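A quick write-up on the structure given underneath.
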Amino acid sequence: MAQHTVYFPDAFLTQMREAMPSTLSFDDFLAACQRPLRRSIRVNTLKISVADFLQLTAPYGWTLTPIPWCEEGFWIERYNEDALPLGSTAEHLSGLFYIQEASSMLPVAALFANGNAPQRVMDVAAAPGSKTTQIAARMNNEGAILANEFSASRVKVLHANISRCGISNVALTHFDGRVFGAAVPEMFDAILLDAPCSGEGVVRKDPDALKNWSPESNQEIAATQRELIDSAFHALRPGGTLVYSTCTLNREENEAVCLWLKETYPDAVEFLPLGDLFPGANKALTEEGFLHVFPQIYDCEGFFVARLRKTQAIPALPTPKYKVGNFPFSPVKDREAGQIRQAAASVGLNWDENLRLWQRDKELWLFPVGIEALIGKVRFSRLGIKLAETHNKGYRWQHEAVIALASPDNVNAFELTPQEAEEWYRGRDVYPHAAPVADDVLVTFQHQPIGLAKRIGSRLKNSYPRELVRDGKLFTGNA
């Protein structure tokens with residue numbers, strides 16, 4: 001594999017020599033950093049099983065190498081990488097997989113290790129959504145996830161990825177992660193804090209990642225990380241699991257942050273060793289039981305993961321003085337909910353008891369039941385999925401609901417050809433050789449729902465959201 005020139009400050013190299021265990025070679029570290037990062041994907045098991053995905057993609061000649069810590073994760077090599085971007089494949093557009101760096105699959109693996117089955121989870125720094133979508137898949141869209149993102153510009157990307165992957169159990173918030181300890185104390189069974197960091201582990205993806213690096217900056221970042229982990233720990237219920245992770249390599253932002261938490265709450269913090277997380281995990285194991293992944297160990301990004309348990313309650317933080325404001329939704333009454341459920345089922349949309357109908361003016365929404373305890377405590381940017389808008393003639397079903405709830409086996413499902421599916425993704429109407437009978441048509445490709453169309457004569461009127469429409473070359477090879 002070709003090499004690329006990485007910028008290394010001298011002080012960084014000195015720090016790495018001191019931080020690296022004697023069992024590892026510093027020359028191997030430098031060599032690994034100079035190699036471009038291997039690409040990796042994670043199969044979205046909410047949409048397709050790993051076995052079916054491998055069968056579906058077998059004709060493409062992709063080389064898929066299993067990732068040891070994530071059974072649905074694979075390193076991927078494609079001979080036609082330049083001909084068609086991975087994100088323009090049909091399987092990516094329909095949410096069958098997520099392009100995710102291999103080491104970033106580690107935190108969620110740790111969160112669910114040893115049979116842990118949390119029902120209410122928070123992802124404190126969630127964008128662009130790789131870990132939130134991984135958590136949702138592990139929960140099988142049940143329970144509830146609070147996915148928070150401080151950066152306003154990244155919340156939109158987070159929602160787009162959640163929607164593409166067919167996820168229904170997520171609530172989005174846009175806050176500084178330091179507010180949650182006071183706002184929602186002891187409310188979560190599990191919390192993932194993939195903390196903002198100096199990014200020392202990402203040089204294989206970004207050779208200039210360390211251009212602005214300094215020891216002083218690391219110390220400032222670590223101070224913020226201590227505040228974030230303290231807040232997260234307060235939001236965790238006693239008995240709950242907290243996973244702390246970064247994509248950086250210095251001890252100040254990693255081990256030291258976790259040790260600070262234990263020193264602060266010595267009777268409430270228990271480190272849960274990760275040496276048995278997957279075969280070979282002991283190669284990255286620290287004396288505290290954390291995983292400190294230098295890039296040469298598994299030929300991936302540099303990463304750090306710690307798992308801990310909250311063994312008892314800790315003193316509460318002062319109650320916040322802000323007002324959340326009135327919640328603009330009201331629950332739909334049972335009789336009306338039954339009528340809506342029946343109408344939705346007629347176009348192939350079904351949901352279970354984990355979701356409950358709420359209404360705002362003419363909008364119908366489905367919220368995860370597990371998030372209702374947080375209503376009135378935090379302000380949501382977006383909650384659950386928008387099911388429909390009501391109008392005089394019935395319901396206007398929403399695209400995100402189709403992707404999350406539709407059964408491709410519905411009687412009104414209509415399978416498109418590759419050329420027709422590509423036209424659909426370009427936002428164009430489709431003219432099939434034999435038009436379906438129904439007026440409301442669940443459009444599928446590769447037996448996956450990709451939208452809802454209105455039949456007008458021999459034409460299927462496109463309802464694909466304008467913001468998702470794709471230009472350029474797609475999966476049939478036509479521009």
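The backbone N, Cα and C atoms fix where each Cβ goes, glycine too.
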Practice item. From Glu142, Glu149, Glu186, Glu200, grab the residue that Swiss-Prot records in the same S-adenosyl-L-methionine site as Ala125, Ala126, Ala127, Pro128, Gly129, Ser130, Lys131, Asp176, Asp194. Key: Glu149
Check your understanding: What's the CA-CA gap between Ala127 (S-adenosyl-L-methionine binding site) and Cys247 (active site, nucleophile) in angstrom, rounded?
Key -> 14
Practice item. Tell me the Cβ contacts of Ala125 (S-adenosyl-L-methionine binding site) under 8 Å, same chain only and six or more apart in sequence, or just say none. Key: Asn148, Glu149, Phe150, Gly177, Leu193, Asp194, Ala195, Pro196, Leu228
Study note, to complete from the structure: Here the binding-site residues are Gly129, Lys131, Asp176, and the Cα closest to that of Cys247 (active site, nucleophile) is found at Lys131
Check your understanding: For the recorded positions listed here, Ala127, Gly129, Lys131, Asp176, Cys247, which shows the highest count of neighbouring CB atoms within 10 A?
Key -> Gly129
Revision key, fill the gap. Three-class DSSP assignment, Cys247 (active site, nucleophile), comes back as coil
